[in-house]
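Here's the structure, in structure tokens; my notes come after.
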Amino acid sequence: MAEEESYPLFETRRAKGRVIYTIFSLSLFVGILFIWVYRVSHIPREGEDGKWAWIGLLCAELWFGLYWLLRHPFRWNPVFREPFRHKLSQRYEEILPRVDIFVCTADPGIEPAVMVMNTVLSVMAYDYPTEKLSVYLSDDAASDITFYALLEASLFAKHWLPFCKKFKVEPTSPAAYFKSIASCTHPNNHVNELVPIKKLYQDMESRIENAAKVGQVPEEVRPKYKGFSQWDSYTSRRDHDTILQILLHGKDSSAKDVDGNVMPILVYLAREKRPQVAHNFKAGAMNSLLRVSSMISNGEIILNVDCDMYSNNSQSLRDALCFFMDEVKGHEIAFVQTPQCFENVTNNDLYGGALRVIYEVEFHGLDGLGGPFYIGTGCFHRREILCGRKFNDQYKNDWKEYKNIDHMKEGSLHELEEKSKALASCTYEENTLWGKKMGLQYGCAVEDVITGLSIKCRGWKSVYYNPQRRAFLGVAPTTLPEALVQHKRWSEGGFQIVLSKYSPAWYAYGLISPGLQMGYCYYNLWVLLSWPTLYYCIIPSLYLLKGIPLFPQMSSPWFIPFAYVILGDSSYCLLEFLWSGGTIQGWWNDTRMWLYKRISSYLFAFFDIILKFFGFSESAFVISAKVAEENVSQRYEKEVMEFGNSSPMLTLLATLALLNLFCLLGMLLKQVFISEGGLRIYETMALQVLLSGVLVLINVPVYQGLYLRKDKGRLPISVAVKSTTLALSACVLFIAIS
Ligand SMILES: O=c1ccn([C@@H]2O[C@H](COP(=O)(O)OP(=O)(O)O[C@H]3O[C@H](CO)[C@@H](O)[C@H](O)[C@H]3O)[C@@H](O)[C@H]2O)c(=O)[nH]1
Ligand SMILES: [Mn+2]
């Protein structure tokens, strides 16, 4: 036994090829230095054309170069983790800790109840002792339909859980499972039982969908369940008492599955909301869940998932425990983060939703520097640490200690509900440390990342666990505006962190490793990329139209560093993308999104931050859509870009796309009709032609959306008119004033 115990519960491997990477990046850095030197030493003299444009480019290039430096630490030491769950089982099966799972939902219109129930069912069916598992659904919409759906799900679960156990079902989300076996051709060994369970599921699904469609819980159901009476005092989504119902609990003898086994605890919670009290979005929901669950089950481990992120791997809970329960390293680990993966990403990933390089490369690198960020979903936490505990070396979790704690010795379920409700009232947090030092942090659009950072600053580590079989699968945005709005929220939140008390730039100094500090800055400074990128998309093209070079000509030796940096960096990014499982077309699409995020999401986030700073605008959380209309989905499947509305973001994108087209065409026309320098322009202005050319190529979907497409997903006529006028006038004005 002693020898047995000396084997760790997980293993850490380091990546190879770091030397080559280091040499390569050093060479690129030399190239960047040359570019800087060139810019500084060739500033046009007073009276010469383009002096200010030149200085602008210098600033942009300085910033790009510095930002580029930030991305290196987390490519130096990537690590890969491998848990050994059979060892966990051998050593700790009897004393596995209690686990509380939090699912958050906020809007039944955007997040359909059936989808949410699939997530709930999938996590209820983890391969784990059910008496130690509790699932909490937080509903920020306080929708009785969601409650009704959960009631239905709790009944269906009594069949579904034994079925999953018996046939080792994977994935345990019923919708995903039925879909996966529909596409598999060989007959299963459990056809006889499959048919009835599928029927049960479909019946439940149609009942929930009907209720959602008519916007009402069926008349006959209401009086049967006392829980619905809690809606009697409900006035609106933003104004209601706490609604809390324990739907399944070991104390209740009916909470057994069809085989007579105990079911996991299942709780519905809609925390109290009042119009005059800030509810702090998902962070507020999580903190209420933390308190309520401490009363009902008090699991030592907490798993948090978004309502679309169903469990795709029934073992991942045990895998995560291998990290926490490891005898040597486990005590330092605050949370275990899995990547966000998406079920609906198409082959060439038009909107870059898969975030491939982030999850396949960069997060492994962060793990080598002290641990990945907490990214809100698919994350396992230790309760105490999430609630504010500081690290100290002596701290060791004695898992055996918890063995026989029964949190519910006396009192009825009803009493338990009433006591728990008080913890979810909207005044509970007044004059407490919740949202500051306890629980999730308030006031930031990425509550998850800032909370993770504050945990790191208290001395803890985290682990990135990226299993072969995806742990969770969710829904990525399926339209361009949605993708852009999501990135706006993220970039805005990131910058709020830089400006916050926990700023990775200064507060974290000395508390986390310098590499990790740089990693946090790399992700949280997105907003500041908008201006230089915009500048690079506009100025060189306008000067191309006018015939003024801003880059070295091809025959100059200064051309070499530009060519080397451009080629070297793009090929490196391409390789990394392919290595992460992407396609070449996917990389091209990702590059387009890289551009669009910078010139729209980040820019608008920048303005929003300013507005908020001066008190002109309030925090908001724009929830990402999880379903799309039929024709939108069809276009998404075909990878046709979906614009569909006329937001200022799209007008800006279209204007910039057209501006580049006009500049390039204007330059070509000048060549043909005025024929100033003939082919010379390609020699003197090669890089500007290249830049405009690439911008035009990358914007092809925008031109199509403006002028060629007829379907509903195209850019509206109004955007076409506005952007064409704006782009043309910019070109004409620029030529005219000089
Ligand atoms: O007031 C709110 C708003 C949102 N949510 C829930 O938060 C989750 C995430 O919202 P979503 O619209 O899907 O945002 P994403 O951008 O996909 O989410 C990522 O980024 C968020 C921070 O911006 C994190 O909260 C998420 O966990 C993380 O997955 C969803 O389950 C929502 O139901 C709430 O519970 N209450
Ligand atoms: Mn989401």
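Every residue, even glycine, has its Cβ placed from backbone N, Cα and C.
Computed from a predicted structure; not experimentally measured.
According to TrEMBL, the feature transmembrane segment maps to 20-40, 52-70, 523-545, 557-579, 599-628, 649-669, 681-703, 715-737. The UDP-alpha-D-glucose binding site annotation in TrEMBL covers E111, D140. Taken from TrEMBL, the feature active site covers D140, D448. Here TrEMBL flags K282, D306 as Mn(2+) binding site.
On the structure: features taken from TrEMBL.
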residue	record	contacts (Cβ under 8 Å, 6+ apart)
E111	UDP-alpha-D-glucose binding site	T105, C307, D308, I623, K626
D140	UDP-alpha-D-glucose binding site	C104, T105, A106, D107, R237, A270, R271, K273, H279, F281, K282, A285
D306	Mn(2+) binding site	V103, C104, G376, T377, G474
D448	active site	F373, Y374, I375, G376, C379, L440
| query | Checking the recorded positions E111, D140, K282, D306, D448: which ones have Cβ within under 6 Å of ligand 2? | reply | D306
| For the transmembrane segment (20-40), which recorded stretch in the set 52-70, 557-579, 599-628, 681-703 gives the largest number of Cβ pairs separated by under 8 Å? | 557-579
| remark: D140 (UDP-alpha-D-glucose binding site) falls, by DSSP collapsed to helix, strand or coil, into coil
| Counting only residues 6+ away from its ends, which parts of the chain sit with a Cβ under 8 Å from the transmembrane segment (523-545)? | 50, 53, 56-57, 59-60, 63-64, 67, 70, 373, 449, 487, 490-492, 494-495, 497-498, 504, 551, 595, 597-599, 602-603, 605-606, 609, 656, 659-660, 662-664, 666-667, 685, 687-689, 691-692, 695, 730-731, 734-735
| Chain residues in Cβ proximity to the transmembrane segment (557-579) (below 8 Å; excluding those fewer than six residues from its ends, i.e. six or more beyond) | 24, 27-28, 30-32, 34-35, 38, 42, 68, 356-357, 360-361, 551, 586-587, 590-591, 686-687
| said: Checking distant contacts: for the transmembrane segment (681-703), what same-chain residues at least six beyond its ends satisfy Cβ-Cβ under 8 A? | reply: 536-537, 540-541, 543-544, 547, 549-555, 559, 562, 588, 591-592, 595, 641, 653-654, 656-658, 660-661, 663-664, 667, 671, 715
| task | Tell me whether D306 (Mn(2+) binding site) sits in a helix, a strand or coil according to DSSP. | result | strand
| query | Taking residues 6+ outside the transmembrane segment (599-628), which of them lie with a CB under 8 Å of any CB in it? | reply | 106-107, 110-112, 115, 281-282, 307-308, 443, 445, 475, 477-479, 482, 484-489, 491-492, 495-496, 526-531, 533-534, 537, 636, 648-650, 652-653, 656
| All-chain count of other Cβ atoms within 10 Å of K282 (Mn(2+) binding site) | 23
